[in-house]
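Student: These came from Swiss-Prot, pasted as-is:
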- 1-31: signal peptide (SIGNAL)
- 53-169: domain 'FZ' (DOMAIN)
- Cys58-Cys121: disulfide bond (DISULFID)
- Cys68-Cys114: disulfide bond (DISULFID)
- Cys105-Cys140: disulfide bond (DISULFID)
- Cys129-Cys166: disulfide bond (DISULFID)
- Cys133-Cys157: disulfide bond (DISULFID)
- Asn173: N-linked glycosylation site (CARBOHYD)
- Cys186-Cys256: disulfide bond (DISULFID)
- 186-306: domain 'NTR' (DOMAIN)
- Cys189-Cys258: disulfide bond (DISULFID)
- Cys203-Cys306: disulfide bond (DISULFID)
Amino acid sequence: MGVGRSEGGRRGAALGVLLALGVALLAVGSASEYDYVSYQSDLGPYPGGRFYTKPHQCVAIPADLRLCHSVGYDKMVLPNLLDHETMAEVKHQASSWVPLLNKNCHMGTQVFLCSLFAPVCLDRPVYPCRWLCEAVRDSCEPVMQFFGFFWPEMLKCDQFPQDYVCIAMTTPNATEVSRPKGTTVCPPCDNEMKSEAIVEHLCASEFALKMTIKEVKKENGDKVIIPRKRKALKLGPIRKKNLKKLVLLLKNGADCPCHQLDNLGHHFLIMGRQVKTQHLLTAIYKWDKKNKEFKKFMKKVKAPDCPTFPSVFK
């Protein structure tokens, strides 16, 4: 991704989170003052609190938990704050958020998500601040809508605390938590030519096609892509007999640039998902067999190591 944050930037942001959290905990007393028989929440998101059937434990964040491995701390609590009791379940659920993290829609995205998926080890659960949730939601939901998704119910911001002990990056009005500037590229077109990133998109998409494009036009705020030739790499919900009639939409993309579409004389790798009767483009790459990273992807495409993505966005 051309505008992706560096790992150092993410770690710096996470350090700010931990410092803010430390100050907050000092304000209400040391962790040893809390007497919890089991891992219980009383912070409002889950009225009446909750108990887990298993005692909580502090475990290392594994390298293949890609959403949170670079968050800035090394250990997390299981069960987490989304009721995932095993690491396998955490990885399964968290994997669907990695493409959004790579879109860099807000610098607090990783901190917010990992405070829930991979909470830092403390004597009691601490949730993200409501304003952090709102800031991430307001910046990232417009990006999600390009892919046909909306902010999910499981992350409704009004369930998180406003002014109690909570995870924060800095003050709500700080300029550094605003959405990074400098890109107006349609999010599905803002892709890094790295084999791992292409595989992530393939796994997160319902279908994938090699195609040439006949025409691109604007209609009702979308870019409409009319294929000339197409070959299915992954059909998903598309029936083979319907391939000839397939039309793709770059949702909300009428007025944002998609540089891959500036020259239609190439073959393209196009991925997407079906929403009702529409087929939305979720990623586009020039089909470039001379590119080293694309060649790596082609070796992996026959048997990609894909998790089964949960329907967390519905």
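Heads up, residue numbers simply count up from 1 along the chain you see.
Cβ atoms here come from the backbone N, Cα and C positions, even for glycine.
Because the structure is a prediction, the values reported are computed rather than measured.
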Student: From the Cα of Cys58 (disulfide bond) across to the Cα of Cys68 (disulfide bond), what is the distance in angstrom?
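Tutor: Answer for this pair: 15 Å between alpha carbons.
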Student: Roughly how many Å lie between the Cα atoms of Cys203 (disulfide bond) and Cys157 (disulfide bond), rounded to a whole value?
Tutor: 28
Student: Taking DSSP states H, G and I as helix and E and B as strand, how many residues of the domain 'NTR' (186-306) are helix, strand and coil?
Tutor: 32 helix, 46 strand, 43 coil
Student: By the count of other Cβ atoms within 10 Å, pick out the sparsest of the disulfide-bonded residues Cys140, Cys186, Cys203, Cys306.
Tutor: Cys306
Student: Are any of Cys105, Cys140, Cys157 (the disulfide-bonded residues) within 10 Å of Cys129 (disulfide bond) when you go C-alpha to C-alpha, and if so which?
Tutor: Cys157
Student: Rank the disulfide-bonded residues Cys105, Cys114, Cys121, Cys133, Cys256 by the number of other Cβ atoms within 10 Å of each Cβ and report the first-ranked residue.
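Tutor: Most Cβ neighbours within 10 Å: Cys114.
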Student: Cα distance, Cys189 (disulfide bond) to Cys256 (disulfide bond), nearest Å?
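Tutor: If we compare the Cα positions of Cys256 (disulfide bond) and Cys189 (disulfide bond), the gap is 10 Å.
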Student: Which site among Cys166, Cys258 has the most other CB atoms no more than 10 Å from its CB, taking these as disulfide-bonded residues?
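Tutor: Per the Cβ count within 10 Å, the most buried is Cys166.
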Student: Between Cys166 (disulfide bond) and Cys133 (disulfide bond), how many Å separate their Cα atoms?
Tutor: 11
Student: Taking DSSP as the reference, which of helix, strand or coil describes Cys157 (disulfide bond)?
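Tutor: It is helical.
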Student: So what's the mean pLDDT when you look at the domain 'NTR' (186-306)?
Tutor: 91
Student: Taking only same-chain residues 6+ apart in sequence, whose CB is under 8 Å from that of Cys189 (disulfide bond), what do you get?
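Tutor: The list for Cys189 (disulfide bond) reads Leu250, Gly253, Pro257, Cys258, His259, Gln260, Leu261, Ile284, given in order along the sequence.
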Student: Need the DSSP three-state call for Cys68 (disulfide bond) to compare against my parser.
Tutor: coil
Student: Fewest neighbouring Cβ atoms within 10 Å: which of the disulfide-bonded residues Cys58, Cys68, Cys129, Cys157?
Tutor: Cys58
Student: Could you break down the residues of the domain 'FZ' (53-169) into DSSP helix, strand and coil, giving a count for each?
Tutor: 48 helix, 11 strand, 58 coil
